[in-house]
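Pulled from TrEMBL:
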DOMAIN    2-42  domain 'EGF-like'
DOMAIN    43-82  domain 'EGF-like'
DISULFID  47-57  disulfide bond
DOMAIN    83-122  domain 'EGF-like'
DISULFID  87-97  disulfide bond
DOMAIN    123-162  domain 'EGF-like'
């Protein structure tokens, strides 16, 4: 009967060897993962034999295991590496996450930009990037910006300021007044601007009756007109045309600025025998009001003289829009 030397421990195998019983004898073998070298068992480096692992192989005494690069994980076969979808597993991004092979990329919603950590998002201050976003003032908001306009204006198209016509919306003038809208506001003027000895003959036109002796030394008529211009208007600029309403034969008309031009902001250029153009020659900043008297002197062949005045109220808005 065969004696099992391995069972009776009568074998001579080393402690690092495995005893295998044979008929009438026994054999000393190396455990899995080891190979004989002489009478010793030495570890087999599986990582040098063949590509056991997809990415990295780590040798251990009698065995090995596989490791994956960052962004990958071992498949169920413990050899293959599969991509980790970081966006599905645990979204690390503050806003938008895009998975790529072995990693991920963070992006931000419109109006935000990636911070230095490439994960969080910081609000983009659009107002600091450009001074031309808004016509008047830019207000930064989380993820966006908005434009505001000064009092008397409203935002049009998101960025431009447009004058509000208060005379059509919130007319606060009395019944004996007319409302005049200008850039950035409005004014109330009397419907009857005539002062003694002038009398109102039609809307905004005052006449001094020839029957009144005082009128002989005064202009025959005074017409009241109103206009508005933007602040800091480019000069020189034609702003108002004066023209004779009645043309008499054999007369000569001359035009002049009678008053209101003490600082030389205006120039009156005669354009024809019956008309002249008021030219702005110095830039005006608002808000302010100018009252300019434009006079037309008429002389006939018999040396008869008469004059008429156009009293022009120029309202300069507070802004250049």
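Positions of Cβ are set from backbone N, Cα and C atoms, glycine also.
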Residues with Cβ closer than 8 Å to the Cβ of residue 87 (disulfide bond), same chain and 6+ apart in sequence?
-> 93, 97, 98, 99, 104
Cβ contacts under 8 Å made by the domain 'EGF-like' (2-42) with residues that lie 6+ beyond its boundaries = 61-63
In the same chain, which residue numbers or ranges, 6 or more beyond the ends of the domain 'EGF-like' (83-122), come under 8 angstroms Cβ to Cβ?
-> 69-73, 142-145
Which whole-number mean pLDDT does the model give the domain 'EGF-like' (83-122)?
-> 94
Surrounding residues of the domain 'EGF-like' (43-82) on its own chain - C-beta under 8 Å, 6+ positions past either end | 31-35, 101-104
Which numbers of helix, strand and coil residues does DSSP report for the domain 'EGF-like' (123-162)?
-> 4 helix, 18 strand, 18 coil
Around residue 57 (disulfide bond), which residues of its chain at least 6 apart sit with Cβ under 8 Å of its Cβ?
-> 46, 47, 51, 64, 65, 66, 67
